[in-house]
Amino acid sequence: MTVPLLKIGAVLSTMAMVTNWMSQTLPSLVGLNGTAVSRAGTSEKISPDEGWQVYTSAQAPDGKCLCTAVIPVQGTCSRDLRSHQLRQLMEKVQNISQSMEVLDLRTYRDLQYVRNTEALMKGLDSRLKVAAESQRSLNAKSFQELKEKMTELLPLLPVVDQYKADTRLIVHLKEEVRNLSGNLLAIQEEMGAYDYEELQQRVLTLEARLHACMQKLGCGKLTGVSNPITIRASGSRFGSWMTDTMTPSADSRVWYMDGYYKGRRVLEFRTMNDFVTGQNFVQHLLPHPWAGTGHVVFNGSLYYNKYQSNIAVKYHFRSRSVLVQRSLTGAGYNNTFPYSWGGFSDIDFMVDESGLWAVYTTNQNAGNIVVSRVDPQTLEILRSWDTGYPKRSAGESFMICGTLYVTNSHLAGAKIYFAYYTNTSSYEYTDIPFHNQYSHISMLDYNPRERVLYTWNNGHQVIYNVTLFHVIKTSGEL
């Protein structure tokens, strides 16, 4: 009985080694530990088919080429044939690894059963030997006992049959692994005999440069807003909803705050799909009620205006506690300087590519919109700008790349009418169409992570894509 046990043990050992090679050695070999491998000295081009659009191009007086480009919400680089082959191979490897895991569990179960029946089989073997040596001792009672012992061993037969089938499958998987190894070696030879650790480092460096480039490309001058995309219709006429403006894209939680004053109830949905269906949410009860709809979620915390005050509050969702609160000196509140729709919208928090902002106004500024950079840790005002635009004439406003954009109305027929550039402390009047589908916007915010506008429009939760103008110089500098 020891021979079958050794065979099954050997199968387990072989499968463990192959599975380990699949999950660890293979990704390192082809350089796919979170990165993609490309031939050194080459560059990959961005394909318009993957979301990039080049609208116009022209030549500057100094001879440099200028073009207008719109970056996709989720920018991706095209992959060459080798990368495509490697991706297919990795998918195949994952399938084989999963099969190995199933086999591992199954053979482990069968091995345990065989071990449990080993004592019974040894006893039966001993009885059979005695009966063979002395047939006279095999009376009716002994024969019946042997028959009962054999009956107890009958469940072992399907286990052995499964083991045989698994053995054939393992032979097939070994052949698959052999073919995969051959394909990978061929790709490796085609790519050249590089030091893969060095190549991986190059790829990581290039990815860092690409990320920096993407961040720069993410900033630009707003030139257009898409048609509205309605996500859900829920709640009252006024409210706010948002996703985190800073956390990784894997975090897709949605926060929902119905109403514009005295509210304390914040719903946190696990995903956008859960928000659409109204399922899988938890409730946060704020220690202080809010005023207006100018709230924003930034790096796991909610920033909002405390009701009947000009106090800014930072509420941390994970600890369910207020981390800091601070008065915005001189800022109007309680409908002193709201947007045109009212609703205690005196203080509006925003986040763009450069950080946290507060938009409000004061008596000192004669009711004109003030834009302030805010330290997200302490809520201290770092710097302020007087835009000269009367806040009561604004429908709503939002920040993109350090520029404040203001709509001229919260009702139908609105357009983005005014832009203030904090980097140059200058402004201009604009004429960017803005389709107000449900005729009453009470919240409008830009999410730099997703490059979309979030709005609450008359009980509808709506998003807009934005078009930004970028100047790309042929020298490679942005």
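In case you wondered, yes, glycine gets a Cβ from its N, Cα and C as well.
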Candidates Cys65, Cys401 - disulfide partner of Cys219 as recorded in TrEMBL: Cys401
Mean predicted confidence [pLDDT] for the coiled coil (170-216): 66
Cys401 (disulfide bond), number of other Cβ atoms within 10 Å: 19
CB within-chain contacts under 8 A for Cys219 (disulfide bond), separation at least 6: Glu353, Ile400, Cys401, Gly402, Leu468, His470
